[in-house]
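Visitor: Take this structure first; my questions come after.
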Amino acid sequence: MAAQIDGVFEAGLQKKIAESKVLVVGAGGIGCEILKNLVLTGFQDIEIIDLDTIDVSNLNRQFLFHKEHVGKSKANVARESALAFNPSAKIKAYHDSITTNNYGVNFFQQFSIVLNALDNRAARSHVNRLCLTAEVPLIESGTAGYNGQVELIKRGLTSCYECVPQPAQKSFPGCTIRNTPSEPIHCIVWAKHLFNQLFGESNEDEDVSPDTADPEAGAEAGNAALEKEANEKGNVDRVNTRAWAKQCEYDAEKIFNKLFYDDINYLLTMGNLWKNRNPPKPAKWDKMQEGEEDAIVEDSVARDQKVLSMGQTAKVFAESLKALKEAAGKLGDDDHLVWDKDDKDAMDFVAACANIRAHIFGIPRKSRFEIKSMAGNIIPAIATTNAITAGIVVMRAFRVLQQEYEACKTVYVRLRVNGRNQFIVPETIITPPNPKCYVCAAKPEVVVKVDTKKLTVRELRDEILIKALNMVSPDVTLDGTCSIVISSEEGETDCNNDKTLEELKIVDGCILKVDDFLQNYELSITVLHKEPGREEAAYEIVADPDSLKPKENEQGKPSEPSVDDAQPSTSKGVNGSSKPTMEVEDDDDDMYIIEDDDDEKPSTSSAPAAAAAGTPSKSLEKRKHAPEDDEPANKKAKVSSSHPVEDDDDLVILDD
Ligand SMILES: [Zn+2]
């Protein structure tokens with residue numbers, strides 16, 4: 001191929017490419033593109049890992065996969081398909097999770113470079129930590145809709161993935177939505193999907209039935225689902241949800257009982273899911289009618305603000321279902337309704353279904369008004385953004401192989417050109433490491449504010465260490481004692497799980513030493529006792545302990561990412577900038593929107609010029625944020641998080 005013809009690449013690069021060994025983590029939207037780019041540019045020794053199997057909904061953008069591959073391993077099929085482009089390449093595929101102990105520091109050290117094409121923060125953080133320890137350059141990438149991002153992470157030179165505390169994440173994996181909702185937003189997203197299944201444009205990604213392929217449900221459920229692709233309860237039902245609803249003429253009782261009784265009972269048979277969670281309680285239509293004499297609140301303002309009783313909610317469900325059925329009936333056969341938060345019936349339906357589901361899973365219910373504001377918007381994964389982003393990833397990889405690290409500034413891909421006619425926008429500088437980073441600093445430390453009288457050891461492990469701090473297998477000891485609080489050895493410290501921190505003498509001012517051997521990561525946690533207010537999160541993590549000191553000198557903030565930089569990392573988000581505190585609500589998948597900003601310096605990049613032709617700049621949207629407290633006032637690009645529904649692929653690049 002062209003890349004192997006002398007003269008296509010500059011002297012030396014062709015050889016470096018041929019001699020390098022590359023790891024691609026993730027074989028989804030960006031991963032497929034990266035793998036194709038690698039084999040076409042002459043890379044000879046490539047390994048790719050992905051835990052997922054191919055779903056029908058992947059086929060519109062994960063172009064190494066075709067219909068006949070549905071249900072098969074993404075990594076294996078990506079390997080086979082990519083080899084067709086260059087049969088002489090050596091590609092090793094792993095159908096596995098990168099977070100297992102098969103892939104430790106020694107594994108990472110074999111590679112010249114690691115390319116991340118992941119869809120969730122936990123895996124990103126894990127690879128970040130291993131690459132830092134193994135001292136292997138990592139190129140991190142992600143996309144959200146039309147926006148993308150690519151950045152180099154290199155120990156000592158650049159900020160790492162976790163240098164800037166990350167804000168709450170707002171997108172959710174399918175399993176959470178379909179099987180194990182734990183927050184109101186999960187139920188709202190599910191209800192919107194249900195609307196589309198019944199009346200809207202149905203999308204395989206928006207299935208609402210129990211997901212039998214949930215990895216957490218255990219191998220058995222997953223395998224059974226794969227073997228039986230036309231399994232009557234699970235993954236195939238979705239195709240027929242609307243046909244079935246039509247058949248029963250959108251009968252409120254039948255639909256209610258299927259969604260909230262039969263499907264929930266089915267979920268209960270997936271026993272693994274409920275080992276560490278409260279199991280849902282199926283709800284039956286006739287029970288909802290009992291003892292509920294309340295009429296529907298007619299006053300629209302009151303109705304908007306109030307959390308309705310379950311009986312009222314069931315009535316709203318039935319009424320909105322009927323109205324939507326009539327509205328849909330007026331449309332042609334191949335036409336459909338479009339969900340709109342300002343459409344009364346559509347909004348009523350989603351609010352009612354979200355609250356019924358919340359009730360079943362023991363999640364607080366919300367007013368219609370709250371649900372409307374949470375329903376947010378959805379960012380689809382876009383093949384073109386993935387392709388541009390993956391192109392930039394591989395161009396950055398060339399620079400890294402040539403050790404031209406200074407040329408590897410973070411790059412953002414945007415929908416619209418900025419004032420400089422760029423739609424691919426590079427940073428002006430390399431973002432340096434944050435000396436207070438709780439991951440890449442010499443001695444990583446954080447402060448955790450919790451109610452030590454209430455927080456249990458299990459919550460410390462699951463919510464704080466694993467979910468918020470992205471560890472995989474933490475061991476925890478209480479500093480200054482020999483007391484082992486949490487052991488990664490199964491069963492060893494189970495007796496502590498339900499004890500509160502205070503019962504284990506972990507009180508205000510204590511220091512916990514945490515060690516995650518899978519990540520070669522050690523962290524020192526100072527515990528501060530605090531009783532959170534009603535509206536506050538159960539805990540708060542402060543990554544920069546200095547920020548707790550009285551602020552007398554705003555300018556004196558050391559260490560914060562430089563004034564000139566934009567968001568230094570993928571999927572970090574709004575207030576990620578230099579805010580030292582974070583609250584993590586959810587652990588999977590990220591997306592963010594990169595907003596336009598026209599303050600970028602002119603770049604010599606040829607790409608933006610080329611792009612300018614087809615990109616309207618007129619409607620360039622500019623949202624100025626008032627600079628926050630400790631946020632550099634002239635921060636260039638702003639990144640905000642949103643509610644992407646698709647979890648695939650997040651970020652971007654370009655070579656200037
Ligand atoms: Zn860092």
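Cβ from N, Cα, C; glycine included.
Note: TrEMBL annotation is automatic and uncurated.
Heads up, here are the entries from TrEMBL:
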BINDING   Cys160, Cys163, Cys437, Cys440  Zn(2+) binding site
ACT_SITE  Cys175  active site, glycyl thioester intermediate
DOMAIN    448-531  domain 'Ubiquitin/SUMO-activating enzyme ubiquitin-like'
REGION    541-656  region 'Disordered'
COMPBIAS  546-557  compositional bias 'Basic and acidic residues'
COMPBIAS  567-580  compositional bias 'Polar residues'
COMPBIAS  583-600  compositional bias 'Acidic residues'
COMPBIAS  603-618  compositional bias 'Low complexity'
COMPBIAS  646-656  compositional bias 'Acidic residues'
Visitor: Determine, to the nearest whole angstrom, how far the Cα atom of Cys175 (active site, glycyl thioester intermediate) is from the Cα atom of Cys160 (Zn(2+) binding site).
Guide: 29
Visitor: Enumerate same-chain residues with a sequence separation of six or more from Cys437 (Zn(2+) binding site) and a Cβ-Cβ distance below 8 A; give 'none' if the list is empty.
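Guide: Spatial neighbours, sequence-distant, of Cys437 (Zn(2+) binding site): Ser159, Cys160, Glu162, Cys163, Pro444, Ala543.
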Visitor: Could you tell me which three-state DSSP class Cys175 (active site, glycyl thioester intermediate) falls into?
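Guide: DSSP call for Cys175 (active site, glycyl thioester intermediate): helix.
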Visitor: Using a 10 Å cut-off on CB atoms, tell me which of the recorded positions Cys163, Cys175, Cys440 is the least crowded.
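Guide: Output over recorded positions Cys163, Cys175, Cys440: least Cβ neighbours within 10 Å is Cys175.
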Visitor: Pop the mean pLDDT for the domain 'Ubiquitin/SUMO-activating enzyme ubiquitin-like' (448-531) in here, whole number is fine.
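Guide: Reported value for the domain 'Ubiquitin/SUMO-activating enzyme ubiquitin-like' (448-531) is a mean pLDDT of 92.
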Visitor: Beyond the listed site residues Cys160, Cys163, Cys437, Cys440, identify every same-chain residue whose Cβ lies within 8 Å of the center of their Cβ atoms for the Zn(2+) site.
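Guide: Neighbours found: Leu132, Ser159, Tyr161, Glu162, Pro433, Asn434, Tyr438, Val439, Ala441.
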